[in-house]
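Straight from Swiss-Prot, the features:
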- Asp198: Mn(2+) binding site (BINDING)
- Asn141: N-linked glycosylation site (CARBOHYD)
- Asn185: N-linked glycosylation site (CARBOHYD)
- Asn304: N-linked glycosylation site (CARBOHYD)
- Thr104: phosphothreonine (MOD_RES)
- Thr109: phosphothreonine (MOD_RES)
- 246-255: region 'Interaction with galactose moiety of substrate glycoprotein' (REGION)
- 1-6: topological domain 'Cytoplasmic' (TOPO_DOM)
Amino acid sequence: MPKRRDILAIVLIVLPWTLLVTVWHQSTIAPLLTTHKGEPLTDSRREAAPGADPREYCMSDRDIVEVVRTEYVYTRPPPWSDTLPTIHVVTPTYSRPVQKAELTRMANTLLHVPNLHWLVVEDAPRRTPLTARLLRDTGLNYTHLHVETPRNYKLRGDARDPRIPRGTMQRNLALRWLRETFPRNSSQPGVVYFADDDNTYSLELFEEMRSTRRVSVWPVAFVGGLRYEAPRVNGAGKVVGWKTVFDPHRPFAIDMAGFAVNLRLILQRSQAYFKLRGVKGGYQESSLLRELVTLNDLEPKAANCTKILVWHTRTEKPVLVNEGKKGFTDPTVEI
């Protein structure tokens, strides 16, 4: 009996202390568990058990959201709309090492524009196979023309007389094609835009110009030795001048990429062409626009000419010194 009483006494003494320690331990840990449960678990707080499958660890982590993969199928070019005006993009081009690269990049932009017709005019005695294949493969609606700039307007090789801006005859041929294709009193809604193959174009630009009533205008970046040139617009939303350093008193001190013309205006003013002779540098745009509109007729786009949507970029001329006179690489491989 004495031994049993000793054991009972020990149990009665130890048991309360055991219960007390257990309760205290749980009350200390519980707040920590509650806090961690509501917080994202970082790698420093939670690590996979040694030898555990990493995939199982990721699957059990509630903070990792499973990505649902969806396949998108696009139609390029977009389906033709019977309600949208057609944008006729006139692009002069000429043979050079980067020609295919320039046209490919531009085509990849135009493929996203609905109701677009690409008028590509080569400075060549005939249509070249390179350009013909490229246009055919794009899937775009296009017309392929050619006219060679006369030799007397060329200095030597690829250089040109600065009095004859590159692309003048090619743009004029495109204007003639439009007038021969559409009747003068055509009700066909459309816009004509002169887009060189080395520029960079925002898709937003094409939607801005689509509503052109007569002639719309906007800024162009990297021209005239400035970050950008732009029409000067007053508080009433009218063009009153030009933000440019080079000859700001020109009738239309604007870059070729900075305006679009309503197709009906092109058809009605059949005398309006880019002047080939007697035009100073920088006046090529004015030679056409002064036959179409006055300053007061211009429609500022791109948030009243405060947004840049086109950049006058230039591709760096490739260095091909290792080709040698005979050519190191296979000349039959098209680049």
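All residue numbers here begin at 1 and follow the chain in the order shown.
The backbone N, Cα and C atoms fix where each Cβ goes, glycine too.
What you see is a predicted model, and the numbers here were worked out from it, not measured in a lab.
Recorded features from Swiss-Prot, shown on the structure.
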residue: Thr104; record: phosphothreonine; Cβ within 10 Å: 13
residue: Thr109; record: phosphothreonine; Cβ within 10 Å: 18
residue: Asn141; record: N-linked glycosylation site; Cβ within 10 Å: 15
residue: Asn185; record: N-linked glycosylation site; Cβ within 10 Å: 8
residue: Asp198; record: Mn(2+) binding site; Cβ within 10 Å: 18
residue: Asn304; record: N-linked glycosylation site; Cβ within 10 Å: 16
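Broken down by DSSP into helix, strand and coil, the region 'Interaction with galactose moiety of substrate glycoprotein' (246-255) contains 0 helix, 0 strand, 10 coil.
Averaged over the region 'Interaction with galactose moiety of substrate glycoprotein' (246-255), the predicted model reaches a pLDDT of 95. For the pair formed by Asp198 (Mn(2+) binding site) and Asn141 (N-linked glycosylation site), distance between Cα atoms is given as 20 Å, rounded to the nearest Å.
A gap of 14 Å separates the Cα atoms of Thr109 (phosphothreonine) and Asn141 (N-linked glycosylation site). A straight line from the CA of Thr104 (phosphothreonine) to the CA of Asn304 (N-linked glycosylation site) spans 31 Å.
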